[in-house]
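Student: Annotations for this protein, taken from Swiss-Prot, read as follows:
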| type | residues | note |
| --- | --- | --- |
| ACT_SITE | 154 | active site, nucleophile |
| DOMAIN | 145-687 | domain 'USP' |
| DOMAIN | 689-782 | domain 'DUSP 1' |
| DOMAIN | 791-894 | domain 'DUSP 2' |
| REGION | 258-420 | region 'Disordered' |
| ZN_FING | 6-111 | zinc finger |
């Protein structure tokens with residue numbers, strides 16, 4: 001796409017254009033084939049009235065342009081203008097500016113340009129440079145950029161549009177660009193940041209081509225290679241996992257200790273807890289999770305001076321646009337005006353995942369505050385629930401992806417572990433770490449901060465009443481769609497969960513056309529007007545949640561192995577939400593696979609646009625004060641289990657309107673259209689009026705500009721949380737500080753991207769309200785960290801040089817007396833450390849994976865073990881540094897053979913002895 005400032009030389013060919021003419025033509029049909037809209041194209045050539053269909057039909061508009069040499073055409077749905085000769089979008093406002101300077105034949109009748117161009121009122125149009133900020137926000141909101149289909153890539157486009165309209169995540173990439181740093185390939189976070197910047201930039205194109213991100217995701221997961229349609233939910237999980245992996249940072253040790261303490265407290269309680277809680281009250285199933293949490297979007301600011309607020313924000317052009325609109329919305333709220341659903345969604349969405357910050361801050365003795373006890377203090381629970389033994393909190397289902405790399409269907413079959421009602425019991429045992437005795441590091445990222453929640457799962461033995469608990473982290477909830485009988489049981493409070501398998505949707509999708517759309521619309525209208533006894537009860541999202549969290553009896557083939565009874569017993573498993581995420585991702589399991597066939601559950605599930613209350617599903621231990629959510633975006637799948645097409649419906653954060661994102665086409669729709677869609681994935685955001693009032697107060701303080709003697713540095717990332725989260729948690733300055741209170745040497749050169757300077761009055765207010773810290777008035781490089789870094793680099797250099805030297809000598813030895821074996825699992829950890837890929841050294845050498853003990857007690861190498869061979873000197877060197885074992889020698893010293901003469905003499909004596 002060409003830039004909006006580039007002038008198309010073919011603009012002189014345009015006839016007189018009015019908005020009324022275009023609206024009239026949009027109600028017509030293609031003059032070649034008679035098909036109706038949407039997305040008809042009108043020729044803009046002088047005196048040419050032609051209207052043709054687009055690429056979704058026979059593309060007669062392009063044929064007309066090629067035959068008649070009429071270069072300019074306008075889309076009658078989006079009102080964007082395309083030049084076939086220049087092969088890019090053009091902007092008619094620039095034509096006016098040029099032609100008014102030099103007399104134009106077609107505009108010579110006008111002495112001055114009209115007050116507003118006919119196309120200017122269309123919300124999707126790109127703003128002129130000369131337009132005021134408010135006019136740009138009101139008439140031409142950002143973020144309405146389509147995405148080109150790269151070949152059955154609608155699953156990716158719909159997912160990216162839904163994420164793009166999640167303010168906490170988007171604002172992080174727009175305003176905290178300095179934190180988007182990684183040395184991990186394929187640097188997907190960089191591709192995503194670039195894509196978001198293009199989509200939300202003031203001079204955005206009509207659509208973007210997400211080639212870089214598509215290429216990166218294919219490198220990460222081979223399942224997405226080729227041109228087969230894939231499941232948008234699987235894509236979301238894979239994308240967020242990779243973003244977390246690239247952006248994750250180690251958590252402060254004190255935070256991890258608090259997490260462990262919290263988890264141990266909730267583990268293996270007995271009947272006393274059972275007396276306080278009913279099975280249905282605390283039940284939980286294995287949720288479908290994905291990556292971690294993220295930070296946010298620049299919304300939800302308080303009303304006040306624009307300059308004052310800029311002290312709290314990065315001066316990024318795209319970020320300012322979103323912030324300005326939110327200030328307007330906050331002012332409207334403070335005046336007591338009634339707001340639309342969409343406005344509430346924009347502002348009221350903060351996150352209790354800010355608890356990650358809370359934990360980090362708790363190591364500082366700070367004054368307590370109501371907001372500092374945000375429930376999501378589990379950045380990444382290091383709990384005994386060992387749901388995640390790895391550093392990132394991704395669900396095991398991601399390993400399952402590889403098994404479907406050859407599938408051509410839309411939603412690949414998900415692992416049972418991810419499925420809501422059909423879960424697998426997990427014992428509270430420490431996962432094997434392959435002999436790595438060092439403390440496993442906990443990590444957090446913007447993904448985990450935004451999307452991570454946790455659930456408390458309890459299993460009760462019905463014989464001894466023992467209750468064991470497990471904490472699991474989730475990033476999305478995969479909910480079953482209950483049938484008529486299930487609904488009746490649910491409403492009777494005796495519902496039993498029924499396993500359901502999410503399935504696959506097709507490779508390709510041919511347009512359903514207007515007839516199918518009208519038939520479906522009429523069907524839904526008739527259903528809504530017909531008594532429920534005829535069609536059956538209406539399924540709501542709350543019903544799906546109730547089905548997911550209903551108690552599950554463990555009996556028959558699924559009996560519970562009770563550790564107290566030491567045998568299989570009947571039991572009950574139940575769960576509740578322990579920590580609410582800022583952005584709640586809900587996945588409705590519409591695809592099911594049987595042995596011989598697959599099918600799609602097309603039941604309409606009604607869902608609220610605002611006010612989704614999760615209080616009925618919260619655990620007693622949950623401390624979140626914000627429990628209601630407003631809808632941000634919906635991903636829909638049209639078609640069957642064999643073929644289909646994905647589109648997204650998203651609410652624009654700037655004007656509060658709903659839009660349909662169908663690949664490169666973006667169309668405004670009414671909220672009633674959104675309520676009637678067949679939802680597949682929904683994104684909800686926390687809503688909090690208190691958070692908006694808090695932002696307004698901070699902006700007012702900043703606007704006063706009271707003189708102060710001290711300046712305070714605050715983490716830009718935490719400030720972004722404050723602007724976009726409902727519960728940002730305590731102030732977290734550890735994102736730019738080391739454990740000694742200084743700046744880590746590797747962050748000092750871009751420290752300006754990590755901090756924001758606040759006046760003393762603002763800092764004191766935030767500190768008294770949220771706690772945390774520590775207070776920072778001076779930035780300096782930490783000398784202790786510098787010494788440690790130099791010592792660590794020297795240690796790595798010595799170890800790797802010594803190993804290379806000893807290994808060379810081993811390779812040169814023709815017949816070594818003894819060869820030692822070492823576990824490749826441990827060796828890879830050591831190699832990652834000495835090469836600088838891992839900051840922590842490995843634990844003691846652990847050869848238990850490759851060793852087996854014979855009856856005599858002799859240790860031998862296990863058959864087919866993953867091991868490497870090293871010399872005795874190398875083993876001695878590594879063992880002296882790290883310890884561990886056991887020693888495994890596969891070729892020991894051989895005793896010296898007797899000389900031939902003595903051997904011959906012995907044989908002669910033996911022969912004579914036998915003769916006698």
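Every residue, even glycine, has its Cβ placed from backbone N, Cα and C.
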Student: Counting across all protein chains shown, how many other Cβ atoms sit within 10 Å of the Cβ of residue 154 (active site, nucleophile)?
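Tutor: 26, counting other Cβ atoms within 10 Å of residue 154 (active site, nucleophile).
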Student: Looking only at the zinc finger (6-111), what is the model's average confidence as pLDDT?
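Tutor: Averaged over the zinc finger (6-111), the predicted model reaches a pLDDT of 76.
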Student: What are the DSSP helix, strand and coil residue counts for the domain 'DUSP 1' (689-782)?
Tutor: 42 helix, 16 strand, 36 coil
Student: Please count the residues of the domain 'DUSP 2' (791-894) that DSSP assigns to helix (H, G, I), strand (E, B) and coil.
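Tutor: Grouping H, G, I as helix and E, B as strand yields 44 helix, 22 strand, 38 coil.
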